[in-house]
Amino acid sequence: MLSNKRSRGKMSRWIWSPLLPLLLLLLPSMSEVQAQVENRVIFLPGTFQNVSVSQNETVQAVVSRIAPEVAFVTLQFHTQHRNATLSYTKLPGLGLSLTAVDLGLLSALEPGQTSLSLFLSSPDDDTVAGTGVILSFSSTDPVPGACNTEFTLDIDPNVYIHYNLYETTIRFAPANLGYERGETPAVCDRSTGTNTRWRLQYDVYQYFLPENDLSERSLFGGIQAVADIQGMTENGKRVMTLSSSDMTMAVFNSIPGQGVIYSVIVRDPLLNTSASYVPVHTYACSFTSTLDGCQTLGKLSTKFFFTIAGLAGLFVCFFGHRFFKCELFCMGFSFAAFFFFVLIARTTELSYDICLTVSAVIGVVGGVILVMSWWRFGSVMACIVVVGLMLGFLIASTVLFTPIGDIDVFRRSDVVFWVTFCSIMIIVPLFFVRWPREGNITTCGVVGAYAVILAVNAYVYTSLSYITLNILKRFLNNNYSAVFTDVPFQTIDYVLITVWVVLGVCGIVLQLYRERSRPFFPPSPYLMWLQERERRTTNVLDPSHHFPSLPNRLLARARQLTKRMEPAGEHTPLLL
């Protein structure tokens, strides 16, 4: 029995002895990877940590277990829309702290340093919740924002963002070459040789969050996907590369309600190393505004306007050529409403709703004028030119909506852009001279189906609306030419592209089949009335030839009210 106990004791020691070193290694990690406790949270390099900062509270962010080969680290912290303050000291001070939604601080390490502390606080009277991460860099990596002369921090690795209705602008401070712990950094602007920071290059990246998703979970998932260099290069899209001689800024198209993350990666082409700035995000709208906020982007006036336009577009798509007057009214309405919306917005200070209402009223007048011009003069080709310009406008907008529109020659020269746009727009109606009916039916299908897409966009965001919205913004904003007009293409966009194609093709095929045996275009009602009147006055065999004129008929009707008139006989032509 004693031998059994001894054998069990030896077996237990044989089992536990290899596990003891592993447990000793895991215990420090288990003690450090933990939730926030008592105003103190521990960060491990490369590991995201959720942090909540209460009102009038300062949370100490402790970075531990820093490897000896690390020369500097950045602590970045992100919230959705509430400001947070990150500081080198417990009491925030000028030049030692930063308050923003996306913020970070860079700390250069001293020889032998393995840990450091930074401080998080809430600048407003509310609790701030966000996610943070520590990124470490070696001495050969560039130092983001180390040559800062514009912003408050001495070394500023942040990207600063500003947006309006038309454009979103990002700015950042230039970087410097890396250096070992304890060494003096290189002078920023002493010379422009290849051994200075002027050899550095800056890649600007863009990452779109899921459409129609304003949740905090979606944002934090996107931040975690692109916070470091590898994540951004794999998941984001590089939109431009700046040299050290370029201005450290970039301008993009504003997409209200669409979450976008921007980041800058600075590269040292000589050493083949790189470092990332702190990513910054925007929805191009406000979460706190009670009017035109991110949650209330869909204006009632916009929904009403485009719902009516979508129903009219659906009718034109399938029945436009048959009901030619209705088609002309819709085309004239669209042409006049767009033109005068641009004119009113550029020359007046009226609000959006008033501009939209006035443009709609003028659009009705434009539609009536186009219909009446065809009714009175009967010139089909003159009306078809307007219809062709509508299709040309949509085709030109679609061509410049593709990556072709972001080519430097189009972005930097308004003359080249508008000449190209107008050339495409004018070429399309030329085909209508040879095939007027087919061109008119094609316009009905393509433009009518796109009106349906715009109606859907009033309720569910889709990037397809920016096909024409980018052109409208460029009309309204003088400085819009330098803007990158990239928009996300996600599942809803591919679904709506399919809907657009299916509606357009079905509408074109149906109208071509139905109108194959009919006249190319219906005759002018006014010319028909003139011909009918001439026929009645010259054809004695026509029963209407023997009808009295309208004044005589009215006079006879008035006489019937006072005296009964005897029948005058048959109103039939004489039989020979």
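Note that Cβ sites are derived from N, Cα and C of the backbone, with glycine treated the same way.
Computed from a predicted structure; not experimentally measured.
Annotation comment: TrEMBL describes 307-512 as domain 'TM7S3/TM198-like'.
For 1-35, the entry in TrEMBL reads signal peptide.
Annotated transmembrane segment per TrEMBL: 304-321 (among others), in sequence order.
The transmembrane segment annotation in TrEMBL covers 328-345 (among others). For the transmembrane segment (328-345), the list of distant contacts is 309, 312-313, 316, 320, 355-356, 358-360, 362-371, 374, 383, 386-387, 389-390, 443, 447, 472, 475-476: same-chain residues at least six beyond its ends, Cβ to Cβ under 8 Å.
For 351-375 (among others), the entry in TrEMBL reads transmembrane segment. For the transmembrane segment (351-375), same-chain residues at least 6 beyond its ends with a Cβ under 8 Å from one of its own Cβ atoms are 299, 301-302, 305, 324-325, 328-338, 340-341, 344-345, 382-383, 386, 524-526.
Taken from TrEMBL, the feature transmembrane segment covers 382-404 (among others).
For 416-435 (among others), the entry in TrEMBL reads transmembrane segment. Distant neighbours of the transmembrane segment (416-435): 381, 384-385, 387-389, 391-393, 395-397, 399-400, 409-410, 471, 474, 481; these residues of the same chain sit at least 6 beyond its ends, with a Cβ under 8 Å from one of its Cβ atoms.
If you look up TrEMBL, you'll see 447-472 (among others) marked as transmembrane segment.
Residues annotated as transmembrane segment in TrEMBL: 492-513 (among others). Residues 211-212, 314, 317-322, 438, 441-442, 444-446, 448-450, 452-453, 456, 460-464 of the same chain sit 6 or more residues outside the transmembrane segment (492-513) yet have a Cβ under 8 Å from a Cβ within it.
Nonlocal intrachain contacts for the transmembrane segment (447-472), taken as residues 6+ away from its ends with a CB within less than 8 angstroms of a stretch CB, comprise 211-212, 253, 255, 257-258, 298, 302-303, 305-307, 309-318, 320, 331, 334, 338, 341-342, 390-391, 393-394, 397-398, 400-401, 405, 421, 485, 487-490, 492-493, 496-497, 499-501, 503-504, 507. Mean pLDDT of the predicted structure over the domain 'TM7S3/TM198-like' (307-512): 86. Remote same-chain partners of the transmembrane segment (382-404), defined as residues 6 or more beyond its termini with a Cβ less than 8 Å from a stretch Cβ, comprise 327-328, 331-332, 334-335, 370, 373-374, 410, 417, 420-422, 424-432, 436, 439-440, 442-443, 446-447, 450, 466-468, 470-471, 485.
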